[in-house]
Amino acid sequence: MSKFQVVEHPLIQHKLSILRRKEASTKEFRELVDEIGMLMAYEVSRDLPLEDVEIETPVQKTTVKQIAGKKLAIVPILRAGIGMVDGILKLIPAARVGHIGMYRDEETLKPVEYLVKLPADIADRQIFLVDPMLATGGSAILAVDSLKKRNSKAENIKFVCLVAAPEGVKALQEAHPDIEIYTAALDEKLNEHGYIVPGLGDAGDRLFGTK
């Protein structure tokens, strides 16, 4: 399977079309990010391994399948990534949640890491690294750097976003060609201000009602 995938499920595409609209309220935007995050998790988890286990139903003993192997961790890139967490937890309620916080240096325009709070056993977990936007790729690259420094293996990291720019995809693939990238849409380009076009605006501001 390709390391880059656009998830074209009809429900995801329909909800994304509503999410993009400038008239969407903070409440609507928040709910849609939550819902699309959950649907993306369904697609991204499609290849998780299964194992046979024996259980007892009210009628008899039987063999069923359950997810095997590594436990899961959801790691949002703050702040906008927080909006995707609850939707994923609805599908995977036992997942641990870590946080990686970034801000943009106004002089260099580069991301600066200010917070890393991860499960102690993060190196042994399958990781969904989430952020609604993949614009320049700078924050995603730095977040993957942080995970790898803590001994997370590339094959255990999946970056999940809602909208990506070609520039961000290219930058992340060049820096970390060994991780998988999933997006609901690959947009046209970045504009001169670093916004994805046509995009959906500033995801953090629209999620939290700030400017």
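Cβ atoms here come from the backbone N, Cα and C positions, even for glycine.
Look at Swiss-Prot and you will find ARG79, ARG104, ASP131, PRO132, MET133, LEU134, ALA135, THR136, GLY137, GLY138, SER139, ASP202 tagged as 5-phospho-alpha-D-ribose 1-diphosphate binding site. According to Swiss-Prot, the feature uracil binding site maps to ILE196, GLY201, ASP202, ALA203.
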From ARG79, ASP131, GLY137, SER139: binding-site residues whose CA lies within 10 A of ILE196 (uracil binding site): none
Lowest local Cβ density (other Cβ within 10 Å) among binding-site residues: ASP131, ASP202: ASP202
Cβ-Cβ distance under 8 Å to ALA135 (5-phospho-alpha-D-ribose 1-diphosphate binding site), same chain, at least six residues away: ALA165, GLU167, GLY168, LEU190, GLY194, TYR195, ILE196
For the uracil site built from ILE196, GLY201, ASP202, ALA203, further residues of that chain with CB within 8 A of the site's CB center: PRO132, MET133, VAL163, TYR195, GLY199, LEU200, GLY204, ASP205, ARG206
Candidate with the highest Cβ count within 10 Å, taken from the binding-site residues GLY137, GLY201: GLY137
Cα-to-Cα gap, ASP131 (5-phospho-alpha-D-ribose 1-diphosphate binding site) vs GLY201 (uracil binding site), nearest whole Å: 14
Residue from ARG79, MET133, GLY137, SER139 whose C-alpha is spatially nearest that of ASP202 (uracil binding site), among the binding-site residues: MET133
Rounded inter-Cα distance in Å - GLY201 (uracil binding site), MET133 (5-phospho-alpha-D-ribose 1-diphosphate binding site): 10
Distance [Cα-Cα, Å, rounded] between GLY137 (5-phospho-alpha-D-ribose 1-diphosphate binding site) and ALA203 (uracil binding site): 15
Protein Cβ atoms within 10 Å of SER139 (5-phospho-alpha-D-ribose 1-diphosphate binding site), excluding its own: 27
Count of other CB atoms lying within 10 Å of the CB belonging to MET133 (5-phospho-alpha-D-ribose 1-diphosphate binding site): 26
Those residues of the chain, 6+ apart, with a Cβ under 8 Å from that of ARG79 (5-phospho-alpha-D-ribose 1-diphosphate binding site): GLY101, GLY204, LEU207, PHE208
Conformational class of ALA203 (uracil binding site) under the three-state DSSP mapping: helix
